[in-house]
Amino acid sequence: MLPRSRTTPSRIHHGVVEERHDIKHYLQVEVQPKAQNESKATNSPPDYSKCFDDDGRLKRTGTFWTATSHIITAVIGSGVLSLAWAIAQLGWVAGPTVLVLFAFVNLYTSNLLAECYRSGDLVTGQRNYTYMEAVKAHLGGWKVKLCGWIQYLNLFGVAIGYTIAASVSMMAIKRSNCFHKSGGKDPCHMSSNGYMISFGIAEVIFSQIPNFSHIGWLSIVAAIMSFTYSSVGLGLGIGKVAEHERFDGSLLGISIGTVTHAGTVTGMQKIWRTLQALGAIAFAYSYSVILIEIQDTVKSPPAEYTTMKKATLFSITVTTVFYLLCGCFGYAAFGDLSPGNLLTGFGFYNPYWLLDIANLAIVIHLVGAYQVFCQPLFAFVEKWCAQKRPNCNFVTAEYEIPTPFGGAYELNLFRLVWRTIFVAITTLIAMLMPFFNDVVGFLGAMGFWPLTVYFPIEMYISHKKVGRGTSRWFALQIISVACFFVTVAAAVGSIAGVVLDLKTYKPFKTSY
């Protein structure tokens, strides 16, 4: 193994080639980019523009398709399969309407955020590599720290939620085979702990992928998997509707007095269910927390914000169509008794082999989605530590390890240790509190308004110098306030779900 801490590539600073003698450059820890006039210095070597971008970093290679795959991987999670339940709580009128409304809100605020990737000029302005850096450049002050806490706590919660969701799908595969063999006579109860540990081991391996720019292939695979299981859920829903030759459900959603698997629905439960459904739909679209990091992988020309807007429009359009089809046909198939997950809630039992394929696709998708969401958190911690300990080889040194496929893997000991610990902690918490989906729903609720709506709108106002009191300013504030109330409502619904789960809670002993 060869240490790389003294052999990292040179970079060009103010038109002069300078050697970098530590791993800061490799970890992309460096000073802010050059001013616009400096980036056009005429004394730069001819090969500079071919190898490096205007900020001195290696050329970005992301395209419309890689950005789209990242977005779809982040947006279409296994939560798409719970939309039938969400629409069942809201009914045929409010359910699809809320889906479409939040698609428009997320598309609009994502486009605002995409324009904040560069400070100043949209094409030649200073780059902001992370969401936090964009907030710092446009807003500054205490809002930067607030943004950081909300963003990274949200990502931590998502990692735990994905661990739980993946284990549920893995168990569903074994349970469907068990049901098939016993003819439905065996309840097939089992513990989720072993499946969570298996998922954690897989994530320890994939977490060693250095950074966002190296996971494009994983995102593409995950995006394909998301379409696979969504299509299976959609197909089974259509098949059940065709079999019954009728559409179940009502205009106003589940009725008070309906007997479900959780008991009889009371008036208060109807309110909690409605709030939870509202939150589930609202957060199904949320990916703004990693939008800037995705945009930082996109090459130019054309300008990064142009590519990102096209990728966002395409991705959200596709996901909205899938959401509407899966949610509506699932509700049409099961009505008020729609399961929380079409593929793991055993609304369908046959063909069992098709359910196995769909649940396997969910697991593969979540492996990739875990990385898409966690890479910004990984990068933040590693960058901060490299700044604090620039001369510590444990933190900064890279070692080349030959691989059987040619080339070499660049091993960083700190990355290996800290990412392994991170995965172990998220797996342990998932095992300790397997109902954590409700807690994650609360964290997501607290993150939706500030990260998806408030900060993008405030940064755009600052970036475009939108005058206070103008019609556009008022329109933006109306969107922000409306989404704030949705966040509060969803948080209340999630807290009610946690309180309900605690009544039957047993650490490490939850079975399905």
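Glycine too: its Cβ is placed from the backbone N, Cα and C atoms.
Some features that TrEMBL has for this protein:
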type	residues	note
DOMAIN	60-499	domain 'Amino acid transporter transmembrane'
TRANSMEM	64-83	transmembrane segment
TRANSMEM	90-109	transmembrane segment
TRANSMEM	149-173	transmembrane segment
TRANSMEM	215-238	transmembrane segment
TRANSMEM	250-268	transmembrane segment
TRANSMEM	274-292	transmembrane segment
TRANSMEM	313-332	transmembrane segment
TRANSMEM	352-373	transmembrane segment
TRANSMEM	416-436	transmembrane segment
TRANSMEM	442-461	transmembrane segment
TRANSMEM	473-500	transmembrane segment
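Using the rule of three or more Cβ pairs under 8 Å, pairs at least 6 apart in sequence, the transmembrane segment (416-436) is not in contact with the transmembrane segment (274-292). For the transmembrane segment (215-238), the residues of the chain that approach it from at least six positions outside its boundaries are 62, 65-66, 68-70, 72-73, 76-78, 80-81, 84, 206, 209, 297, 322, 325-326, 329-330, 332-333, 342-343, 348, 354-355, 357-359, 361-362, 364-369, 371-372, 375, judged by C-beta separation under 8 angstroms. A contact between the transmembrane segment (442-461) and the transmembrane segment (313-332) is absent, since fewer than 3 of their C-beta pairs, 6 or more residues apart, lie under 8 Å.
Among residues of the same chain six or more beyond the transmembrane segment (352-373), those with a C-beta under 8 A of the stretch's C-beta atoms are 70, 73-74, 76-78, 81, 155, 158-159, 162-163, 165-166, 169-170, 172-173, 176-177, 179-180, 199, 202-203, 206-207, 209, 215, 218-219, 221-223, 225-226, 228-229, 232-233, 236, 289-290, 343-344. The stretch in 90-109, 149-173, 313-332, 473-500 that contributes the largest number of Cβ pairs under 8 Å to the transmembrane segment (274-292) is 473-500. Comparison of 90-109, 149-173, 473-500 by number of C-beta pairs under 8 angstroms to the transmembrane segment (313-332) places 90-109 first. Outside the transmembrane segment (473-500), and at least 6 residues removed from its termini, the chain residues within Cβ reach (under 8 Å) are 105, 108-109, 272-280, 282-283, 435, 438-439, 441-442, 444-446, 448-449, 452-454, 457, 460-461, 466-467.
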